[in-house]
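As recorded in TrEMBL, the features of this protein are as follows:
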DOMAIN    16-185  domain 'FAD-binding PCMH-type'
ACT_SITE  164  active site
ACT_SITE  211  active site, proton donor
ACT_SITE  311  active site
């Protein structure tokens, strides 16, 4: 277990934004994770488990606590039956790596996840999804570490998966490992679908945290609101937050070096330095992003009477 002090979090988030962490610990095993939590408790400091750094906005002042970087990333595979195989993966494995590994083994189901930033643990916690799929469809079992540092096993039915939600958003347990059940497929066809998904995803050309806001479930919306939404904009029982933001004319809006992406209004991107040697050498600040988020929420609320809910998580803000 490696303990460092005052480590800038800029390079550890996909937003490339964030001040220093008081302590930064790299954990490469479950034992390291346990020791890191004990360290934080001994110091009477809050701790945060960092995976791939996506869906996260860190304050410009940083985090006055312990960042625990989860680098547990082993993957094992075993037969289940004639149609399925089981993958056992640690929570720190990069999601893209898991997709490519599964494809190489001729296992289908995760192709949609290529290009989704972050780790498997983060994907489980927020029930990540895209193109009509979510990670919960493929989960068989999850092991986690509770507040008493005991290892707990959860079956699928115990995980309370919902739209961008799971039991881990409430109980704050640390996800250790996951068992996934994937169907056998044809390697050539799986790789073809992965390539097609990369094209469809249209990944932003600048650093971002991913989707800023959750899409809206129509079952939770007033009928008067639904009446003004074109039917073709309702997909899979949801209205895209990006559509509402677009209708407010906010695409391309900039504050500092943070901008609402013109191609996809539910993305805020970090445009990076204005120019070399400029006063904005570090690019966008968290305060710029916060101002854009506040502007979006206020404008959408005024136009549609809808309160947007953030998908990203905040760290280091009082």
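If you go along the chain as it appears here, the first residue is 1 and each next one adds 1.
Cβ atoms are placed via backbone N, Cα and C, with glycine included.
Look at residue 164 (active site): DSSP puts it in coil.
Across the domain 'FAD-binding PCMH-type' (16-185), the model assigns an average pLDDT of 96. Between the active-site residues 164, 211, 311, 211 has the most other Cβ atoms inside 10 Å of its own Cβ, all protein chains included. Residue 164 (active site) and residue 311 (active site) are 8 Å apart (CA-CA, integer value). Cα to Cα, residue 164 (active site) and residue 211 (active site, proton donor) are separated by 11 Å.
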